[in-house]
Amino acid sequence: LGSVVAYFTSAKFLLYLGHALSTWGDRMWHFAVSVFLVELYGNSLLLTAVYGLVVAGSVLLLGALIGDWVDKNSRLKVAQTSLVVQNSSVILCGVILMIIFLFKTQLLTLYHGWLLTLCYILVITIANIANLASTATAITIQRDWIVVVAGEDRSKLADMNATIRRIDQLTNILAPMAVGQIMTFGSPMIGCGFISGWNLMSMCVEYLLLWKVYQKTPSLAHKSAKVEASELKQLNVKKESDVKPAEGVQLIVEKDVTGFEPQQEKEVGCAARIAEPFITFRDGWVAYYNQPVFLAGMGLAFLYMTVLGFDCITTGYAYTQGLSGSVLSLLMGASAVTGIMGTVAFTWLRRKCGLIRTGLISGVAQFACLILCAISVFMPGSPMDLTVSPFADISARLFENEPLPTIASPEPEMIFATGMPNLLNGSIAPANSDPEMSPESVPLISVSLLFAGVIAARVGLWSFDLTVTQLLQENVIESERGIINGVQNSMNYLLDLLHFIMVILAPNPEAFGLLVLISVSFVAMGHIMYFRFAQKSLGKQLFVCHTPDPKAAPDSSPPGNTSTV
């Protein structure tokens with residue numbers, strides 16, 4: 001009994017609990033905000049698309065700056081500030097959305113509808129701020145706090161990373177289902193109120209949990225005081241000629257050790273202040289490129305350039321092939337199960353073969369499963385026809401002055417139960433509305449192989465994701481964890497943005513097979529990059545599987561340093 005109580009009061013468990021609350025709120029909000037925007041804008045995907053573009057662009061541009069802010073401030077300050085900003089933004093957004101739902105008719109008549117447009121802009125802006133704060137929270141908790149709590153025990157770090165991913169997998173499925181039911185049996189306004197109330201309660205509990213974890217882990221109060229020349233450059237602090245360089249270094253070291261007090265120095269010029277974010281952005285990307293795990297990080301980022309996941313693109317395609325919402329719900333549940341299996345496989349493989357080899361095995365497993373997706377493109381039932389122009393429907397409507405397709409009066413229950421609007425043809429309903437080609441008559445061999453490959457590949461995907469995550473945790477120095485992981489997030493969003501652009505260029509179901517083949521190619525390129533990283537790291541011992549010392553974890557040494565292998 002004493003050991004059980006000790007576990008439930010340990011810093012590790014409190015960290016899990018705080019992450020579960022945070023992720024649950026995040027998943028509810030990310031699901032609901034897209035549905036709210038569709039509902040508000042006359043069942044059109046325009047606002048949702050603008051929101052997605054703004055979020056991706058913001059993290060792409062500001063990822064390095066967010067990471068730099070994480071590095072320059074104390075851990076508790078960063079965690080608490082990002083927590084309060086994130087939850088306050090969601091609460092404020094929920095209140096504004098409730099007002100819009102209540103008074104939309106009146107807002108439309110005021111100032112020729114410009115007041116309503118201003119409300120839309122305000123919602124997207126505040127929601128974007130919430131997402132940026134969520135990014136800061138993820139960097140500081142999942143890339144820094146967890147490393148300090150685990151201490152020098154890398155097996156413990158691997159287990160904690162795997163547990164965090166299991167929590168992510170469960171909340172990815174359960175949170176949207178919960179808020180979807182509330183909106184289905186209640187209303188969008190009730191959904192807004194519930195999410196706002198949840199975030200208010202969750203913010204208070206998470207704040208307390210963070211404080212408890214901080215108290216139970218004294219090492220969190222100390223950040224590395226090491227200051228590199230490049231880091232001094234990032235600070236962009238220009239001093240008078242009578243200040244010696246050594247004094248400048250000492251000043252920054254004292255700031256780090258004493259809890260990041262404001263730096264007492266002469267005010268820099270306006271031009272220098274304007275240039276500082278751009279210099280930080282440049283130096284962050286340069287530092288990322290110079291990391292020993294650069295190729296591993298790039299390999300992970302390339303996996304985001306894919307339509308082979310359970311996002312709105314793939315599920316929209318599934319609707320065109322006649323799969324119902326209930327079947328898709330079951331498939332999403334199966335993907336969550338295989339994702340959890342991937343986290344279990346990661347911990348087992350790491351113990352048996354070491355960290356770097358785990359990434360290789362996971363990559364091979366993922367790619368082998370995705371071969372099924374490539375084969376599905378050429379199987380009966382596949383709509384792939386490259387002779388059909390992806391812009392034929394759009395150009396015909398433009399020249400014939402027909403309205404562009406929007407979501408065609410869907411049942412609210414269908415949106416709230418699945419949250420998967422069909423982006424391929426602009427309709428929630430399946431595209432196969434031709435009586436001669438009804439959903440029941442479409443051969444399901446192709447789509448079945450596609451989803452079999454996607455679901456099976458989740459085992460390798462999540463194991464590979466955990467491998468690269470731990471490589472970044474172990475090989476990036478403490479004083480650069482924030483900025484390097486910020487740039488990694490930017491890379492992930494960049495490739496994710498490219499995958500949406502790819503879909504925009506070829507939005508019709510007939511071209512989806514080509515998108516599948518391109519996606520498989522990008523996954524292959526990502527794993528080739530990782531193979532090159534592993535080859536540099538382990539040399540001739542790359543394929544020699546052994547059981548490493550769990551605390552030493554010698555095979556996670558930086559590339560070029562093979563003497564410890």
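Using N, Cα and C of the backbone, Cβ positions are placed for all residues, glycine too.
Nobody curates TrEMBL annotations by hand; they come from automatic prediction.
Residues annotated as transmembrane segment in TrEMBL: 44-70 (among others).
Using a Cβ-Cβ cut-off under 8 Å and counting only residues 6 or more beyond its ends in the same chain, the transmembrane segment (82-103) has close neighbours at 22, 25, 29, 33, 36, 40, 116, 119, 122-123, 126-127, 129-130, 133-134, 136-137, 140, 187-189, 192-193, 195-196, 199-200, 202-203, 206-207, 210. The annotation transmembrane segment is assigned in TrEMBL to 82-103 (among others).
The transmembrane segment annotation in TrEMBL covers 109-133 (among others).
The transmembrane segment annotation in TrEMBL covers 293-319 (among others).
Summarising the annotation, TrEMBL assigns transmembrane segment to 325-348 (among others).
Per TrEMBL, transmembrane segment is recorded for 360-379 (among others).
Remote same-chain residues near the transmembrane segment (442-461) are listed as 303, 308-310, 314, 318, 321-323, 331, 334-335, 338-339, 341-342, 345, 362-373, 375-377, 379-382, 432, 516 (criterion: CB distance under 8 Å, separation of at least six residues from the stretch ends). The transmembrane segment annotation in TrEMBL covers 442-461 (among others).
Annotation source TrEMBL lists transmembrane segment at 482-505 (among others). When Cβ-Cβ distances below 8 Å are used as the criterion, the transmembrane segment (482-505) is approached by residues 52-53, 56-57, 59-61, 63-72, 135, 138-140, 143-144, 234, 280, 284-285, 287-288, 291, 297-298, 300-307, 313, 390, 423-424, 472, 476, 515, 518-519, 522 of the same chain, each at least six residues removed from its ends.
Annotation source TrEMBL lists transmembrane segment at 511-531 (among others).
Non-local neighbours of the transmembrane segment (360-379) in the same chain are 299, 308, 342, 345-346, 349, 353, 445-450, 452-454, 456-457, 459-461, 463-464, 467, 513-514, 516-517, 519-520, 523-524, 526-527, 530-531, 534, 542; each lies 6+ residues outside the stretch with a CB under 8 Å from one of its CB atoms.
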